[in-house]
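Participant: Sharing the feature lines straight out of Swiss-Prot:
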type: REGION; residues: 1-292; note: region 'Primase'
type: REGION; residues: 1-176; note: region 'Polymerase'
type: ACT_SITE; residues: D78; note: active site, for polymerase activity
type: BINDING; residues: D78, D80, S108, H115; note: Mg(2+) binding site
type: ACT_SITE; residues: D80; note: active site, for polymerase activity
type: ACT_SITE; residues: H115; note: active site, for polymerase activity
type: ACT_SITE; residues: E139; note: active site, for polymerase and primase activities
type: SITE; residues: R145; note: site 'Involved in primer extension'
type: SITE; residues: Y146; note: site 'Involved in sugar discrimination to select deoxynucleotides'
type: BINDING; residues: 304-718; note: DNA binding site
type: REGION; residues: 404-593; note: region 'Helicase'
Amino acid sequence: MIMEIPAIKALSRYAQWVIWKKERDTKIPYNPNNGKKASSTDPLAWGDIDEAQAGLVRYGANGLGFVLTKSDPFVFIDLDHVLDENKRVKCEWARQLLKEIKSYTEISPSGDGLHVVVSGKLPDYIKHKTKFDDGSALEVYESGRYMTITGEVFDGRDDIKELDLSILGEFAEHKIETKNAPVQIESATTLDDEAIIDLMKRKGQWPDAPKDGDDWSSLDMSFANRLAFWCGKDIERMDRIFRQSPLMRQKWDRPTAGSTYGRITLKKACDFVDSVYDPALRNESDCPFEPYNEEGGPRNDKEEKDPLWLYKVLLTKGIEVWFDIKLEKYGIKRNNRVDYIAKSSLQQIVFEIIGKTPKNIAVPTYIGAYEPSKPEKWEEEGIKYINLFKPTPLMKVKPVKEMPEIVKNLLLNLFDYDAKSMGLFINWLAFIYQYKERTGVAWIFMGKQGTGKGLLVDLLKKIFEEHMSSNITDANLDSQFNPYLYNKLIVHLNEVSADNRKSRMLVKNRLKTWITDETLYINRKNMKEVEIKNFCNFIINSNETIPVDIEDSDRRFNVIECNNVLKEQEWWTTESYQEILNNAEGFAKYLAGIKVDRSKVNEVVMSEKKKAIVETTESVLKQIAKALTDRDIEWFLDNGLEGVVEKNIVNDFQWEELQEAITTGVIPNKYLMIIVEQILGDSKTITWIKRNIITPYQVGETTVVKMAGKPIRAIVVG
C-alpha cells in the first residue's frame, strides 16, 4: 500500500495532489475532483491524497502527482535515463549523487529513471535542467512544477530527509552552474537609511518583533519584499536596514548554498518585486504590499474602517471568498467554479497575489447551498446563503425542435430501435435538463462493449460539465467517502460489478437510498459530514449479467440491453465519435425544446432484460430459505451479514445472539427481519418474510421463545 511509505505519509499532509494521464510523450496533470486539466500554479485544481486516489480510478488516469509550491519544504530531483534494464544505476554521475543525497527515492513511471524528494532549499545558482552526453539528464525543482509519484521505492530509501542541497554545486563537471548570477541594482532613491526606515514606519511597512509560533521565514521574505521596493533593489542597503529590524538574528548570516541565508532572501525579493520607490515621482502607492500587523493585515485606520480589505482585493482579481459556517471551510469562486478549501490553501492563493501570507482573512460568512431555482445569493430566517449552482454554457442555449441526426443514430443504436424506451429516456433527460431535479428513477445500460454506452456519457458530460460525476466504480461505492454525489444532477456508475451476492447487496443498498431519498449525507475527507438536498439522477453502465438486484415490484430501474456494436453500423465512420461530441450543443438545444411529460418521468418498463434480473433476484429468496433451513451461518457471512455490525444495526452482544439464533434454528422475528433486510438490501416486514420466504419454502413455523426473560415471537427452522 502506497500510504504505508513514510515519504508518502509526509507528502499526504499537503492538499497538493493531482492525477496525470500520458498523452503522446507528455504526462498531463488533471484535477482529481472533476477530471479537468490542472495547473501547477492553481491550488483549486488540486486535492488531498484520498481525492487523488479516488480520481485515479474514476477518471482512468495513469498515476498520482504532487505539486511543489513555495509553501512546502520539498525539492524534487529527477534523474532521467539513469537505470539499465535490470533497474541498476548505469551512470557514474548518478551513482555519486545518490551517495551524497540519501532521501526518498522511487523509480519513475518510465522505469529507467529515478525521482528523489528532499526537504531543503534549492540553491538559486543551480540550473533547473542539465543534459549529459550519454543521454541522461538531471532536473531539479522546488515550486511551480508537479512530480509524478509511483511509490516504487528504490534501494529501501522510503523516507524524506532534510539535507543541505549545496552539495549539488559539486557537480560542476556535469554542467551545473556554480556561479552566482549578477544582481541587477536599480536604485532611484537619494534618501539615507534612517529616512527609509522612518518612511517605512510611517507607512506601516516596518515589522514588529515576532511572537512564539510565528513563521519567521515568511516574515523575513515579506519584509525583504518591502525593502526591495523602498531601497530600489539595492541589496547592500536592504541588508543594512534589515539588520536594524526586529527580525535580525544569527540565522541571517548562516552559510547557505555558497552564500548566506540573508543574501539569498534579499536576492529572491529583488527577483520578485517589479516596481521600486522613486522620491521624485512620489510613487509610494506603487508599493505592491499592503501595510501589515502581527495578524498579517493592514496596520492603520484602513483596517478599522474596512475589515474586508483583503476580500475586496481578491474580488478585483476575479476571486470571491466566503467562510461556510456549516462546513467550516472557505468557499472560493473563480472562473465560474466553486470549490471548498482549507485555510492553508487560501493562504497560498493570497500569497501568490499579494506576496505575503496573512494569518487571518476576514471574509463574509454564508452557507453554501446548491439550489438551481434560487438567485445567486439570498437570505432565509436571518441566514445568508450563497448559491453553488452555476449553469454551464450548454445549459443556457436557445431551444430547437430537431435532434442532431447523428445523436439520434447513437440513441437508436443503444435502445435497439425501441422507440418507447428511447422516448422515456429522452423525456427523463429533458426533465433533468430543464427542471434540474431528482427523478426517482435510474437507467441501467447493459450489454456488449463498443455499443455507445460510454459515448453517451461523454456526450452528457459536455452538456452538464461539473454538474455530472462520471466513471464512479465499485471502489468508490465501497468507500466511506462519497464526494461524487455532492451537488450533482447526474451520476454515472461505470462497470458496476456484481459477481457475488455481497457486491449486488452493496450496490442495491446504496442506490436505494440515493435514488429515492430527499436528502443525502455527504462525507468528504477532512470535512464535516453534511446533509444536503438530493438532486442526483443515475445512469449505470455494466457488462455484468446482474449489476443490481431488482424485485418484481420495483419502481426504480429501467434496464436497457445494448447489443449493437457501433463499428458494425452502416452510418458509423472513424469521425463519428468526435462528430457526436461536436453536436453536444445541438443536443442540448433539443433537450431545452422538448415539452416534458412529467407524468412519464418516473415511468418504468418491464423489459426482457429487467425481467431476467427479477427472476434471478427471486432465486435469492430460495437461497435464503435454504441457508435458514440448513442453519448455514457461513452462507450468511459470505453474503455480507457482518454489515449489520459495521452499520451499528446491532451491537457486539446482539451480533453474538444473532449468529447463535441462526445456528440453533430459533430466530426471533426482530433478528429475522435484520437478516433478510441486510441480504436483500430492502426493509422487510415479518409479514413479507412469511409470505415470500417462510410459507412458499416451508422454512419453519412461528413460535414464542423467551429471551432475557421476556417472551419473543420467533421462527423455528430446520
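The backbone N, Cα and C atoms fix where each Cβ goes, and this holds for glycine too.
For each listed feature, how buried is it and what is near it?
Facilitator: Within 10 Å of the C-beta atom of D78 (active site, for polymerase activity) sit 20 other C-beta atoms, taking all shown protein chains into account.
Cβ environment of D80 (Mg(2+) binding site): S108, D112, G113, S136, A137, L138, E139 lie under 8 Å away, each six or more residues apart in the same chain. In the three-state DSSP reading, D80 (Mg(2+) binding site) counts as strand.
Sequence-distant neighbours of H115 (Mg(2+) binding site) (same chain, 6+ residues apart, CB-CB distance under 8 A): F76, I77, D78, L79, T105, E106, I107, S108, M147, T148, I149, T150.
In the three-state DSSP classification, E139 (active site, for polymerase and primase activities) falls within a strand. Other Cβ atoms within 10 Å of the Cβ of E139 (active site, for polymerase and primase activities) number 18 in total over all chains.
Note: R145 (site 'Involved in primer extension') has non-local neighbours S40, V67, L68, F76, i.e. same-chain residues 6+ apart with C-beta under 8 A of its own C-beta.
The secondary structure of Y146 (site 'Involved in sugar discrimination to select deoxynucleotides'), as reduced to three states from DSSP, is extended strand.
The secondary structure of K408 (DNA binding site), as reduced to three states from DSSP, is helical.
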Participant: Do you know the mean pLDDT across the region 'Primase' (1-292)?
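Facilitator: Averaged over the region 'Primase' (1-292), per-residue pLDDT gives 82.
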Participant: Report the member of S108, N564, T616 (the binding-site residues) whose C-beta atom has the most other C-beta atoms within 10 angstroms.
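Facilitator: In terms of Cβ crowding, the pick is S108.
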Participant: How far is it from L460 (DNA binding site) to Y146 (site 'Involved in sugar discrimination to select deoxynucleotides'), counting Cα to Cα, in Å?
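Facilitator: The separation of the Cα atoms works out to 31 Å.
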Participant: In DSSP terms, helix, strand or coil for K512 (DNA binding site)?
Facilitator: helix
Participant: How long is the line from the C-alpha of K408 (DNA binding site) to the C-alpha of Y146 (site 'Involved in sugar discrimination to select deoxynucleotides'), rounded to the nearest angstrom?
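Facilitator: Computed Cα spacing between K408 (DNA binding site) and Y146 (site 'Involved in sugar discrimination to select deoxynucleotides') is 42 Å.
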Participant: Measuring Cα to Cα, how many angstrom lie between T616 (DNA binding site) and Y146 (site 'Involved in sugar discrimination to select deoxynucleotides')?
Facilitator: 49
Participant: Within 10 angstroms of the C-beta of K512 (DNA binding site), what count of other C-beta atoms is obtained when all protein chains are considered?
Facilitator: 16
